[in-house]
Amino acid sequence: MTTANQGTRVLVLNSGSSSVKYQLLDMRDASRLAVGLVERIGEETSRLKHSPLATGGATREQNGPIADHEAALKAVAAELAVDGLGLDSPELAAIGHRVVHGGLKFSAPTVITDEVLAEIERLVPVAPLHNPANITGIRTAQALRPDLPQVAVFDTAFHTTMPESAARYAIDIETADAHRIRRYGFHGTSHAYVSRETARLLGKAPEDVNVIVLHLGNGASASAVRGGRCVDTSMGLTPLEGLVMGTRSGDIDPAVTFHLMRVAGMSADDIDVLLNKKSGLVGLCGDNDMREIRRRCDEGDEKAQLAFDIYIHRLKKYIGAYYAVLGKVDAIAFTAGVGENAAPVREAAVAGLEELGLAVDGDLNAVRSDRPRLISPEYARVAVAVVPTDEELEIAQQTYALVSPALNS
Ligand code: ADP
């Protein structure tokens, strides 16, 4: 049974196939009490890294085999307990889970019941890499605290407002519906958070601004947000579509797939690995870290320069496309590892778009900060912003809003 309690803490869990990232937040002031990561679950060389921010203590590390997600979560619970933040604390209000695929059904955070879990399971065929790990994380957390509300926050939810004209592929409609083939989009928690924070930076309500959000991490996606609602996004049925990414190709003629099957004798699985793991920046130049690529570009490395140019070309195409989709744009927001840190990417993506009201101020763009900030010159018609994303905070806030009796009374 799940009952709302008076706690003010939320544990956010992001369970991957071999990792669990977690943060414990106090929702009274959105402060982080602890953050950590368990990696290489199921291997001999598993590692747990735990930073007890509440006490200001040093980061602790455990190395050695952690067999499965259950063992991982138990190890996390033990680390939290060391600092009096254990999972059995009455202060814990809920556990918020990042769930990658919510299909069409879940357009909002949802308290997890048996039916909800069954629906997340039904979506495994469209998210075979992600949903199984998320389900394992949920089951494990439920076993540890069966009395506590567990909330699913879906990566796809923010994109469920896309009109059919943007969400549908132009393929046989019966085939598409039979197999739930459509554009779902991902990184939604980040796009939601960043588009709202961008409005705040402009001193406006989200309903009053149109924003293009460029989430450029190792995975990368763009979205067009009109008045706080997503109207288009670059990832599709899976996170493979759209921008050039660290290891994913992004947009590609689907005929490349059958060509490789027929001409190179590759299997569907081979091509899946090629396009998801061996393409994008790493496929083009051997590196997927933008810092390394920029360093090589500065040394005159032609392969790295070509990879950078292809990355920027695609980015620019999406800025143009979403400008047209929105009609009027108030701001473009760069976020995630590359977007927040790589000034040359921001400069190059916007270069030559002055006719669209877009420009970047060199000095402002060079500033390094973890705060939301404008990097466009004052005269520019469209604001260009750097807005650090915070998916964990967004998951915690959405979770807390759903379970807190104070907020729901
Ligand atoms: P994800 O969550 O998708 O794994 P992140 O949003 O953490 O990715 O982004 C990771 C990427 O950010 C790295 O692969 C690297 O390319 C880029 N990055 C991080 N720091 C910098 C930096 N200082 N300059 C340029 N790129 C950076």
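Placement of Cβ uses the backbone N, Cα and C atoms for every residue, glycine included.
In TrEMBL, annotation is done automatically, which means it is predicted and not curated.
The secondary structure of GLU391 (Mg(2+) binding site), as reduced to three states from DSSP, is helical. Long-range Cβ proximity for GLU391 (Mg(2+) binding site), meaning a same-chain Cβ under 8 A and a gap of 6 or more residues, is found for ASN14, ARG98, THR189, SER190, TYR193. The feature Mg(2+) binding site is assigned by TrEMBL to ASN14, GLU391.
The ATP binding site annotation in TrEMBL covers LYS21, HIS215, LEU216, GLY217, ASN218, GLY219, ASP289, MET290, ARG291, GLY337, VAL338, GLY339, GLU340, ASN341. For GLU340 (ATP binding site), the same-chain residues that are 6 or more apart in sequence and have a Cβ closer than 8 Å to its Cβ are PHE334, ASP370, VAL386, PRO388, THR389.
In the three-state DSSP classification, ARG98 (substrate binding site) falls within a strand. TrEMBL lists ARG98 with the feature substrate binding site.
Within 10 Å of the Cβ of ASP155 (active site, proton donor/acceptor) there are 25 other Cβ atoms, across all protein chains. Annotation source TrEMBL lists active site, proton donor/acceptor at ASP155.
The site 'Transition state stabilizer' annotation in TrEMBL covers HIS187 (among others). Counting Cβ atoms from all protein chains shown, HIS187 (site 'Transition state stabilizer') has 29 others lying within 10 Å of its own Cβ.
Marked as site 'Transition state stabilizer' by TrEMBL: ARG248 (among others). There are 27 other Cβ atoms within 10 Å of the Cβ belonging to ARG248 (site 'Transition state stabilizer'). The secondary structure of ARG248 (site 'Transition state stabilizer'), as reduced to three states from DSSP, is coil rather than helix or strand.
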How many angstrom lie between the most widely spaced Cα atoms of the ATP binders LYS21, HIS215, LEU216, GLY217, ASN218, GLY219, ASP289, MET290, ARG291, GLY337, VAL338, GLY339, GLU340, ASN341?
24
Counting all other Cβ atoms within 10 Å across every protein chain shown, which of the binding-site residues ASN14, ASN218 scores highest?
ASN14
Can you tell me which of these recorded positions sit near ligand 1, meaning the Cβ is under 6 Å from at least one of its atoms: ASN14, ASP155, LEU216?
none
If you measure C-alpha to C-alpha, which of HIS187, ASN218, ARG291, VAL338 (recorded positions) come within 10 angstroms of ASP155 (active site, proton donor/acceptor)?
HIS187
Cα-Cα, whole number of Å: VAL338 (ATP binding site) versus ARG248 (site 'Transition state stabilizer')?
15
Separation of alpha carbons, ASN218 (ATP binding site) and HIS187 (site 'Transition state stabilizer') (Å):
12
Given the binding-site residues LYS21, LEU216, ASN218, ASP289, ARG291, state which is nearest to ARG248 (site 'Transition state stabilizer') when distance is taken between Cα atoms.
ASN218
